[in-house]
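According to TrEMBL:
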DOMAIN    6-120  domain 'Tetrahydrofolate dehydrogenase/cyclohydrolase catalytic'
DOMAIN    143-290  domain 'Tetrahydrofolate dehydrogenase/cyclohydrolase NAD(P)-binding'
BINDING   169, 170, 171, 237  NADP(+) binding site
Ligand SMILES: Nc1nc(=O)c2c([nH]1)NC[C@@H]1CN(c3ccc(C(=O)N[C@@H](CCC(=O)O)C(=O)O)cc3)C=[N+]21
C-alpha cells in the first residue's frame, strides 16, 4: 500500500482560482485588496518567503505593498512601520514576517497590528476569537498553516469529526492554534497536543488517525509510529546541506518510509507550504469582503 498524496500545489491552485473570482467581484465594488508585508533583516529564507507572497498576490489580482527594514532596525522603527501599515489606505491586510531578528519582542509587535488587518490571524484578539469559535461570514482570520491543513484534509475528504488527531509541536503559528481549530464545533476532532517534554511520543502517535508534524526535526516521524491508513501531514521543514554536493536539501519532519503505511500523506515541500500561502490570500480577500458588509 502506498499513501494518497495530499498535493498542496494543485489544491492551492484550486483555492487561488476561486479567489480570483472574489477579487474581481471586490474590484467591481471599488475595493482593491492589498497585502502588506513587513520584513526585518536579511535572513535569506524569510526574504524568499516574502517574495513568494508577493508573487502569489499578483497571481490572484491582490496588490502588494512591501516594507523591508534593515537588520539594524530598532524596535521604534518596527513600531513606526506597523503604524504606517495600520493607517495605509492601500493595505487591507498585512503580515509581520516571523521570526523577527533577536532583540525584538514578537508578541509585543503582534499586539500592535490592527486586528481588522491581521492577515495571519496572530493578533491576540483574533486568537481569542479562535478560542471563542466565532464563525460565519464575519469570522475572524485563522492562522494560515492550521487553516491550510484543514482545507487540504477537507478537499481530499479525509474524515475529521470524532477522529484522533496528534499534533507534534505547540508553536504559535502551527501546533497551538491547530489544536484549537480541530476541536471547534463542526470539526470535532479529539486532539492530543504533544511537545518536547511528551513522554513516549511514538506511542501517542500510534493512536492517531491524523498526525501533524510541525517541529522542524528532520525525519522525526518514523513508519513504525504510524497506524496503517492514518493521514500524515508533514509541516516542519529544515534545510540540510548534502555533504556530497554541498547543496541545500529541504527535509521534512516525516521519514519517507511513512508513505508505505499512511493512507494519506502531504509531501514536504509541495504540501502544506503552498496551502499556507493560499490561506494568507484567502484571509486578505475575506478581510476586504468584511468591509462590504
Ligand atoms: N508572519 C508569518 N506568517 C507565516 O505564515 C510565516 C512566517 N511569518 N514565517 C515563516 C513561516 C514559514 N512559512 C512558509 C510558508 C510557505 C512555504 C512554502 O510554500 N514552501 C514551499 C517550498 C519553498 C522553498 O523552496 O523553500 C513548499 O512547501 O512547497 C514555506 C514556509 C510561513 N511562515
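The first residue you see is number 1, and the count goes up from there.
Cβ atoms are placed via backbone N, Cα and C, with glycine included.
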Checklist entry - Under DSSP, is residue 169 (NADP(+) binding site) helix, strand or coil? => result coil
Checklist entry - Between the binding-site residues 169, 171, whose Cβ has more other Cβ atoms within 10 Å than any of the rest? => result 169
Checklist entry - Would you list the DSSP helix, strand and coil counts for the residues of the domain 'Tetrahydrofolate dehydrogenase/cyclohydrolase NAD(P)-binding' (143-290)? => result 53 helix, 33 strand, 62 coil
Next on the checklist: Using a Cβ cut-off under 8 Å and a sequence separation of 6 or more, which residues in the same chain sit near residue 237 (NADP(+) binding site)?
Outcome noted: 216, 250, 251, 252, 253, 268, 269, 273
Checklist outcome for this item: Long-range Cβ list for residue 170 (NADP(+) binding site), cut-off under 8 Å, min separation 6+ in sequence, same chain only, gives 176, 179, 193, 194, 195
Item to check | Diameter of the NADP(+) binding set by C-alpha atoms, the set being 169, 170, 171, 237, in angstrom | outcome: 15
